[in-house]
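S.K.: Okay, here's the structure, questions in a sec.
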Amino acid sequence: MIQISALPAFTDNYIWLLQDHATQRCAVVDPGDAAPVQAWLDAHPGWVLGDILITHHHHDHVGGVETLKKATGATVYGPASENIPGRDVALKDNDTVRVLGWDFDVYAVPGHTLGHIAYYHHGLLFCGDTLFAAGCGRLFEGTPQQMHQSLSRLAALPEDTLVYCTHEYTLSNLKFAAAVEPDNRDIAARLEKVTRQRENGVMTLPSTLALEKLTNPFLRTGEILVTQKVDERNGPQNRAPSEVFAALRAWKDTF
């Protein structure tokens, strides 16, 4: 059985640590800083870091890769179309990678960056900075249409899928969601819960796709109350869901 834990890094990053207790081998996702991973390995003698999975090239996701690879000899997986330090295996859409005995499907999810990928295994999604709890990543390289398509692809996964994104942005994202849908009871309830969690220093991840579909405005671009709110701000138009997404993302950027 694989255990998944979070190693906090920087101010709001999580490095996901996958642990196979039967073999004492582990893997990490997006180690932007080597120190938390090294500290865990030092505290768990006998464990071997065998694999490093990377979703995209931003420094807060790859900054610790080369140090960890040098120290452990771990195999580094990452998107083929981005410059990933120390990468051994270049991945593209629909590839499969075997980690700790689990097969992960690779999804190309451009938007935050053009080469961004996500890893999925039977109810587990490691999605980097594409889908957040109650939000989504900023568009540094891709277009709104690309990001909307990427989110739609992830939203089509089973609803009980656990969403392991890389940042603790849930509270601020829910405040925006409440502005978009002030009468959404699911958003209000989640905001109340997350507020208490953060006051007590409790992490809010992982999420589930079912919860995201109820409370994440970027997965609700076809909902009439969401389109009405966008029309209130931008004027009434016959908008496609991707255009609603673009308007929401632009609003969130200045929220």
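Each Cβ is built from the backbone N, Cα and C atoms, and glycine gets one as well.
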S.K.: Record says D60, H61, D129 bind Zn(2+) 2. Source is Swiss-Prot. Which of H21, H167 does it list for that same site?
M.R.: H167
S.K.: Do you know which of H112, H148 Swiss-Prot groups with H56, H58, D129 in the Zn(2+) 1 site?
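M.R.: Between H112, H148, Swiss-Prot records just one in the Zn(2+) 1 site with H56, H58, D129, namely H112.
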S.K.: C-alpha of H112 (Zn(2+) 1 binding site) to C-alpha of D60 (Zn(2+) 2 binding site): distance in Å?
M.R.: 14
S.K.: List nothing but the one residue from H56, H58, H61, H112 whose Cβ has the fewest other Cβ atoms within 10 Å; the candidates are the binding-site residues.
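M.R.: Fewest other Cβ atoms within 10 Å, among the binding-site residues H56, H58, H61, H112, is found for H58.
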